[in-house]
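S.K.: Take a look at this one; I'll ask things after.
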């Protein structure tokens, strides 16, 4: 007798699992950056169009495949065709790569959360130098938040060639992060189904609190005006459309096999079409909601820095020219500067090199994404808030919940095919398989806690799941529409849900989405080719800033291996299946 497949306790658990997985750090730290780069409010136009023609159809496709085949990614695609098993294997490989480095973000989240209870916050001031006669030189050249990130958290080396040793504090935080993941996935859907209520809902509570606080901050409106002021000329920029499509694609977590794994635990009659629409809309709405929060904080930070800069210039000129206190203000600064320059040219020329050029626009134009936004820009703003410890604890707790929710999906994509395998599950119980996956990932993840670990993190983040995912999802859509057959799949869905498949879904699956993915694939390939030698940002402690360096040959080899190891699974497994079938046919013929 075949074992009864575990199921979600109710459809709501499944929806929460999908939301917890799809709504992740990309919503908080990449979407606001793209808005800033590509026209503010006008970026929403390509974003919403790409959601309709790419995001919803592909999400529905993966959920429908998982629910229909009732297996993990490998088994689902093997059911469609034995030659397509490699698609599932490629998804598992990509999810394995992602799990190796993604949980490091949670480790950093734990590190900052633990330090958030200190008063003052450890990144709010520069530490004293060895002689205790002044501040640390590296910190003074950079800033207290950059110093805490690059020196105290990462203890980063000057280049990727200088690996250094494993640092015990980040290593302990990474171990804790993997222990948390293991406890959440220990009992499969039974434990994950309960945890996702928390990981999916808590970030919204924190974002709402931050929104209320953010809107009351001085200068918040400057950030919001900057975000929502549309730059309509960006609609003619192809990169705006490409980045909108890419953001939708990766934000929903397509191609990893996680959505197929989650859907495989559904009741066969579940209305996955409705759930695909709900998850897509919630995911995109969260990106816009998080951007409002981010830009209110961003406006506060920019205004604070701008006014601080003005105050320093006013103090410098007041002291240098013995002006009356209060005479020089922000409103008459430029006028007085012109007067002083014309009246006291020689003295003004001495002071001029020390006068900073203060600009609110340039402060708002500083585009930051990823870890820079999460661990430098936000901490810069938090340290200047009242009761900064409270806001810091809330923020990093939210980051942890977002990261953990995504990790549950990543590990499900790996574990479901393994537990579905009769060979593995007959020897090892589910808990042991989960433990081994977490242990292996944690051991390999120690690479990212070394002094050069952040450089390797960037390599995995940039190259482990870009081209690979595009190829995987392209093959998925072709497999469903042209191998399994769109009419056959349509009838399967009608039997399952009792609803006929709308023309919109069929048009998107059969033509629009594949063409769009091919376009993205070509863009990425041409971008890599035109870029020439791949480069990375290295921290220069002597300058207190990032400098651009070329990747060494062995790092380029690792990048090539990361892309090839997943994408090559598809043709290699198909070839292996073909050879095995030929040998079987040949063997039977010879016996006969």
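Each Cβ is built from the backbone N, Cα and C atoms, and glycine gets one as well.
Since this is a predicted model, take the numbers as computed values, not measurements.
Residues annotated as Na(+) binding site in TrEMBL: 22, 23, 27, 251, 283, 402, 406. Per TrEMBL, the feature transmembrane segment maps to 12-31, 43-61, 82-102, 168-186, 195-220, 240-265, 277-298, 393-415, 436-457, 463-486, 507-526, 554-575.
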S.K.: Six or more residues beyond either end and a Cβ under 8 Å away: which residues meet both conditions relative to the transmembrane segment (393-415)?
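M.R.: Same-chain residues near the transmembrane segment (393-415) but 6 or more away: 17, 20-25, 27-28, 72-73, 91-92, 95-96, 98-99, 102-103, 105-106, 109-110, 112-113, 116-117, 180-181, 184-185, 188, 192, 195-196, 198-200, 202-203, 206-207, 209-210, 253, 256-262, 374, 378, 382, 430, 433-434, 437-438.
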S.K.: I need to check the long-range neighbours of the transmembrane segment (554-575): which residues 6 or more away from its ends have a CB within less than 8 Å of a CB in the stretch?
M.R.: 83-87, 89-90, 93-94, 97, 160, 455, 459-460, 463-464, 466-468, 471-472, 475, 534
S.K.: Among 43-61, 82-102, 168-186, 195-220, 463-486, which stretch has the highest count of C-beta pairs below 8 Å with the transmembrane segment (240-265)?
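M.R.: Stretch with maximum Cβ contacts: 43-61.
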S.K.: So around the Na(+) site, 22, 23, 27, 251, 283, 402, 406 aside, which residues have their CB within 8 A of the centroid of those CB atoms?
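M.R.: Filtered neighbour residues, in order: 19, 21, 24, 25, 26, 252, 253, 286, 287, 405.
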S.K.: Hey, which bits of the same chain come close to the transmembrane segment (195-220), Cβ under 8 Å, at least six residues off its ends?
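M.R.: Same-chain contacts beyond the ends: 13, 16-17, 19-20, 23, 184, 286, 289-290, 292-293, 296-297, 299-304, 385, 391, 394-395, 397-398, 401-402, 404-405, 408.
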S.K.: Per the definition of 3+ C-beta pairs under 8 A with sequence separation of 6 or more, do the transmembrane segment (463-486) and the transmembrane segment (168-186) touch?
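M.R.: These two segments do not touch.
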S.K.: Is the transmembrane segment (277-298) in contact with the transmembrane segment (12-31), using three or more Cβ pairs under 8 angstroms as the rule and ignoring pairs under 6 apart in sequence?
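M.R.: As far as Cβ distances go (cut-off 8 Å, pairs 6 or more apart), the transmembrane segment (12-31) and the transmembrane segment (277-298) touch.
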S.K.: Going along the chain, which residues at least six beyond the ends of the transmembrane segment (168-186) come within the CB cut-off of under 8 Å?
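M.R.: Contacts of the transmembrane segment (168-186) (Cβ under 8 Å, skipping residues fewer than 6 from its ends): 103-104, 106-111, 153-154, 192, 195, 404, 407-408, 411-412, 415, 431, 434-435, 438-439, 441-442, 445-446, 448-449, 453.
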S.K.: In the same chain, which residue numbers or ranges, 6 or more beyond the ends of the transmembrane segment (277-298), come under 8 angstroms Cβ to Cβ?
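M.R.: Those are 15, 18-19, 22-23, 27-28, 31-32, 35, 44, 47-48, 51, 55-56, 59-60, 204, 207, 210-211, 214-215, 217, 220, 223-224, 226-227, 247-248, 251-252, 364, 373, 377-378, 381, in sequence order.
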